[in-house]
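Under the heading substrate binding site, TrEMBL lists B:338. Feature annotation from TrEMBL assigns domain 'Aminotransferase class V' to B:24-328. Residues or ranges marked as N6-(pyridoxal phosphate)lysine by TrEMBL: B:190.
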């Protein structure tokens, strides 16, 4: 029914614009979910995901839902009634973890931090003597803050470490195995440059052994899902549910693009774009929100100047430049902007465009 | 990474080939999930879904998962520990309902039927004096059987009627309101002619009032989801999770195509293709599996002739004609084939193609 196609410059907290390869793959003929040709695509997607996760985990696969489904999968497969979950909260997605863990029956021990600051691994690790899981967000999409997951991994003890990598995967260094991540989930619509709809997921063999054997969710039961993704070593592929074949083909194409460019180069591109944006914003006299040593390159948070109408600026950008930036999250909805430089958008032209457009919008909105 | 694109004729139980409009929409520029332009697309998709569901339910929306996520949403939002769920089982998806309801805490009363036969509404309704929900599959994808949901709706009493319409929506008559369906879920990859990845979902106001208020799933909590889809009357749109924007745009385009052709015409096209296929198969001397008065036009089940290797025939079709048909489900895996005529594939050319190819494959495989 849509007749006019509008191109949006997507510089919000996600979705980002997609890699051209990802869009092109969506236009390919659809394959059956059990077709040998599709299984090859799925296998390549899983292998590509292992590389961006920095893991050798056999059970690394795209779940058939968005990043929040990945979050739910992480908890329903690891905690059940009475298990203790220590959760580091320094933004909206840490909050969401608490809610999802509670619904999975866990006794939630939340460790609150100021929004805009990274988590304190020592405080998190000391919050409970014997949790079943410890969970933290690597890159908080709500605040633009990067936390040190490797440090938390060293302190986790016998707990399983759950990590949200939604806004880091495919754009920032992410070394699940080296850092001690036992269960990780992410999204496709940020640095991976794919439309939203899949949740890249990984779980170590050791965590799989300690998983909840009869999780409350059938749809997200990793014990069943691994069979279809062919991840359970030596086992035959079994039907679980009809895989979202078009989205998986799109993910596979984007991963091919990212790995062909090279993870180091992609990360350097994100780092450079983020830094240039942050420098430019400060040169305009704006104040960044996230703590100085913990700023995400992929997502920059900046305070709305005093006297400026946040929503009016965002509307001005959308109407005049077809350019989207994000409002702040939670209590910062009208006092912070969130500006993403992700996937194909992490480049010098994006920086020039955003800075120039924002400058005009602040002056005229 | 894929270089050669292979077109498959998808005549299995789903995914089907997609409507061209649905594929084209996937190639459109991605929009933000809160962009006013995307909200218009979402609203049109929800309105189109109301039409194919035959409902005026405000809470009619595409869930961000496949049909099985829809099934899980139906149960986690209606039953919790101790609630009785009467479930009609006449195939694989009735079985799956039992498993998902059990994990939601329900006391499951299953009413078994022979596979290949429709459900018996009177027996189902009499199975328990006061269930919270009664659930049945409208069109069993595992057996190709259509059941009379309207009759069950008349007998449901105070129970909420949950209906699986995965293989009927968009191709067969479906009148949720008239039939007394309180909660319905479906998939996009069958008669709607969209890639798999979304679950069209509907829940009546009355069922919403009687829902589980704190469901075990956050991702599928209809109390939260309705706010984003703008379905809760008078309420402001609220962020829940990042919507799978590309898939929703594809669904909206397909619904536009279907409604433009007209529901009656689309249903007649499916009916004609199914009947012609079934007649043709019988003229070839093959025996249909589903009971005569209950055969789905969208999905035909046929017995593998004695002495013929089911898998060899399917491989022959794939290799020689790039044509997929499905194996049987469950214990009929090697003794039944499943042949779909769905969405754009429900047409006379498909019938000629499938019959001709199958005849050769049986002779030569």
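Just so you know, glycine gets a Cβ as well, placed from its N, Cα and C.
Fair warning: this is a prediction, and the values are worked out from it, not measured in the lab.
Ranked by Cβ neighbours within 10 A across all protein chains shown, the recorded positions B:190, B:338 are led by B:190. Mean predicted confidence for the domain 'Aminotransferase class V' (B:24-328): the pLDDT average there is 96. Cα of the residue listed as 'N6-(pyridoxal phosphate)lysine' to Cα of the residue listed as 'substrate binding site': a span of 13 Å. Secondary structure at residue B:190 (N6-(pyridoxal phosphate)lysine), as computed by DSSP, is coil.
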